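**Q** Could you have a look at this structure, given as structure tokens, before my questions?
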Amino acid sequence: MRYIRLCIISLLATLPLAVHASPQPLEQIKLSESQLSGRVGMIEMDLASGRTLTAWRADERFPMMSTFKVVLCGAVLARVDAGDEQLERKIHYRQQDLVDYSPVSEKHLADGMTVGELCAAAITMSDNSAANLLLATVGGPAGLTAFLRQIGDNVTRLDRWETELNEALPGDARNTTTPASMAATLRKLLTSQRLSARSQRQLLQWMVDDRVAGPLIRSVLPAGWFIADKTGAGERGARGIVALLGPNNKAERIVVIYLRDTPASMAERNQQIAGIGAALIEHWQR
């Protein structure tokens, strides 16, 4: 009988390890920083209330990289709502307007693309020329920064065009945000009256349709979970993702993760972001 009790006690002692194979989110972030020899910035925010659930370096500046394209298309949709733009408007451009990594726009030199098609290309495929063409419609980097100030984001700033904005120089405040500011801005775009309900649905759908985020949080997403995201990559180890996540196919939380100043390879950076995502998912009910 005593032997049986000892076996049961031993079994119970192993259960927490079996239930939670991943570290707690903050533990995973600290581990990622150590393994990357760089900096990680992260915030997990409740979508409905705006309450911060987890944060690490949330008020430090990180390069936005291509995650700015979500905010850009939010600014475009705000112009649509105001009657100053139409998603169906066709924009024509030339070969000299194309920059590196333009997998969609480079195929439409002859016929051009609509504003809506450019937003879809910028978010779902991270098309850089599409982003520049859209930036021109909102007044360039300064115009997008002005839009951010209008909606109450006094931190995030865009100063350059694609692809120079991805330089990620140490100590350079240009083209940066903080995890907290990016999460708050994304929440405003998707839940407040800054955008119409129709435009909110459209912005979210473009993020749902993201086709270049596979190696990151999507790689560890359980069946039945919701995700809508936009990634970014830059020089000097910069990598990032802004995402909406939740079980039961429902967007419950905003997750923003940025990396910078790491010598790690792209595959290693992707793996670390996926690991942080896995820790968040495994410890969702905290």
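Placement of Cβ uses the backbone N, Cα and C atoms for every residue, glycine included.
As the structure is a computational prediction, the values presented were derived from the model and not from experiment.
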**Q** Considering the candidates Cys7, Cys73, which is the cysteine that Swiss-Prot reports in a disulfide bond with Cys119?
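**A** Answer per the record: Cys73.
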**Q** Give the sequence-ordered list of residues that share a chain with Gly232 (substrate binding site), lie 6 or more positions from it, and have CB atoms under 8 Å from its CB.
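**A** Sequence-distant Cβ neighbours: Pro63, Met64, Met65, Ser66, Thr67, Phe68, Ser126, Asn166, Ala238, Arg239, Gly240, Ile241.
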**Q** Within the chain of Lys230 (substrate binding site), which residues six or more apart in sequence place their C-beta under 8 angstroms from its C-beta?
**A** Ser66, Thr67, Lys69, Val70, Ile123, Ser126, Met207, Asp210, Ala213, Ile241, Val242, Ala243
**Q** Compute the centroid of the Cβ atoms of Lys230, Thr231, Gly232, then list the same-chain residues not in that set whose Cβ lies within 8 Å of it, in sequence order, for the substrate site.
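**A** Once Lys230, Thr231, Gly232 are set aside, the remaining close residues are Met65, Ser66, Thr67, Lys69, Val70, Ser126, Asp210, Val212, Ala213, Asp229, Ala233, Gly240, Ile241, Val242.
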